[in-house]
Amino acid sequence: KNMITGAAQMDGAILVVSAADGPMPQTREHILLSKQVGVPHIVVFLNKEDQVDDLELVELVELEVRELLSNYDFPGDDIPILTGSALQALDAINNEPTLKKGDNKWVDKIYSLMESVDSYIPTPIRDVDKPFLMAIEDVFSITGRGTVATGKIDRGIVKVGETVDLVGLGDTKSTTVTGVEMFQKTLDEGVAGDNVGILLRGLQKGDIERGMVLSKPGTITPHNTFESELYILTK
């Protein structure tokens, strides 16, 4: 459930597979779900390389992953696959926080991974000119400030002081945006693609549920009937 919620907002993803163990059952599920919710680009990181003595085993895991990706209509032959050890890199940084690129091979492998992400996953084109819309992923209260709805802005721009509609369960409610925050920074506005927390005036936490949306007033109509395509996962 949590993976689907996060993946549905992604412009790209890093698929982490153990180089020591190879693809696991959940690897297949993650690839399937990524495809079905529309994750457009994937980069693969074969982790725990430090636990593998035979490089041929790493190459075998890479072939397995490429075949698995191709089976779900991802370009398995073209997707970048990087190797490394997240734990070794983390330990190196913790032991010597001033490490620079070129000082440690495990840290360098993480740099290489992020360079592949930057080069392979294109910068998405955002719908900033369309009316504001954000699906609510979570909601919580801040003592002394009010109620905050979090999520990724799908389109448009929202500014502090603007009126927005809360659409979904029950009657549509209007409220005023009193704050926009992203990664603990206060903003004047949020734009399409931003993962933000929006502080709302006059609403209680119980008024908002995950799955409701915030929108520019009058631009969204809720529906009781719709057609869908379902993918059922067994335990």
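Glycine too: its Cβ is placed from the backbone N, Cα and C atoms.
The following features are taken from Swiss-Prot:
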| type | residues | note |
| --- | --- | --- |
| BINDING | ASN47, LYS48, GLU49, ASP50 | GTP binding site |
| DOMAIN | 1-125 | domain 'tr-type G' |
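Taking DSSP states H, G and I as helix and E and B as strand, the domain 'tr-type G' (1-125) has 64 helix, 15 strand, 46 coil. Cβ proximity to the GTP site centre (mean Cβ of ASN47, LYS48, GLU49, ASP50, cutoff 8 Å) flags the following additional same-chain residues: SER18, ALA19, ALA20, LEU46, GLN51, VAL52, THR83, GLY84, SER85, ALA86, LEU87, GLN88.
Counting only residues at least six positions away in the same chain, the Cβ atoms of SER18, ALA19, ALA20, ASP21, SER85, LEU87 sit under 8 Å from the Cβ of LYS48 (GTP binding site). When the binding-site residues GLU49, ASP50 are compared by the number of other CB atoms within 10 angstroms of each CB, ASP50 has the fewest.
As a whole-number mean, the pLDDT of the domain 'tr-type G' (1-125) in this prediction is 91. There are 20 other CB atoms within 10 A of the CB of ASN47 (GTP binding site), with all protein chains counted.
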